[in-house]
Amino acid sequence: MDRTSSRCKVAIIGSGNIGTDLMIKVLRHGRHLEMGAMVGIDPASDGLARAKRLGVATTAQGVEGLLALPEFKDIGIAFDATSAGAHARHNELLQAHGVKVIDLTPAAIGPYVVPAINLDAELDAPNINMVTCGGQATIPMVAAVSRVAQVHYAEIVASIASKSAGPGTRANIDEFTETTSKAIEVIGGARKGKAIIVLNPAEPPLIMRDSVFVLSEVVDRDAIAASVKEMVASVQRYVPGYRLKQEVQFELIEKPANVPGVGLVSGLKTSIFLEVEGAAHYLPAYAGNLDIMTSAALSCAERLAERGKVRTLPSALV
């Protein structure tokens, strides 16, 4: 693996599914990144146990424990993979020490970032929000349509395996819908957005599936299809398991429909169906929702370190 001569040490706050998957990605694939600490609140968590076995500094005392670790002085980036409710305090403590924060909760204190859309535009922000797993999967498709047509309304449905949703994800369900809906508008380009999440209890667990429905002005359908395929390729650069389930579908809506928050609109309905297969770094391949979130966060951190937006340590010191 190609590793650069200087790397940024990172801390991961949250030793659940997302935090553990992210830790494994940093350890296996980090080019500009080095694991500095894994932080949790449950001493018996699998994530903390794995971190210890892999030689990563750990604490079960939350952010306060992280601040007390001797390794903290070298941390340049902290990933928060806890909950929206806890993030505000975590962010305040970390910002006070000059640590760049990548927020994997729906708290959305900082600007929304989806790497395929707006990564480079937000590198100077002290806190970057990764929206949600459903947002990372679907908002690129809304943006793909909005760059060739005015989007009146966009609705997404994210279906994930219940087994892939840990306590943190379940605690964030309400924030998931609110944050994803808003991000569909802010970076997806829709006048109005709506998000729905489904925790699928099927056994064996099913791969992450996402449906995206967009109502836009009438434009050339080939232009939309080409834009969608180009965007899929952009996401695949950091999430190889991201793909179209079938060809993009179109339907002309001639009779105006009343869209709450928008009013009466007609136009072209574009339906996009996706699936996201995980890399199986921690949970099996059905957990594409973990993989797209952690891969997006890793992509952001790598770019921050590469562009010198965070403190790094020379290779002799790491």
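In case you wondered, yes, glycine gets a Cβ from its N, Cα and C as well.
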Note: Swiss-Prot has Ser15, Gly16, Asn17, Ile18, Ser164, Ala165, Gly166, Pro167, Gly168, Thr169, Arg170, Ala171, Asn172 binding NAD(+), and from Asn258, Asn289 that site also includes Asn289
In the three-state DSSP scheme, Cys133 (active site, acyl-thioester intermediate) belongs to helix
Largest inter-residue Cα distance among Ser15, Gly16, Asn17, Ile18, Ser164, Ala165, Gly166, Pro167, Gly168, Thr169, Arg170, Ala171, Asn172, Asn289 [record-listed NAD(+) binders, Å]: 17
Intrachain C-beta neighbours of Gly168 (NAD(+) binding site), sequence separation six or more, cut-off 8 angstroms: Gly14, Gly16, Asn17, Ile18, Ala81, Thr82, Ser83, Thr105
When you measure from the Cβ of Gly166 (NAD(+) binding site), how many other Cβ atoms are you left with inside 10 Å? 18
Can you tell which of Ser15, Asn17, Cys133, Arg170 has the most other C-beta atoms within 10 Å, given these are the recorded positions? Cys133
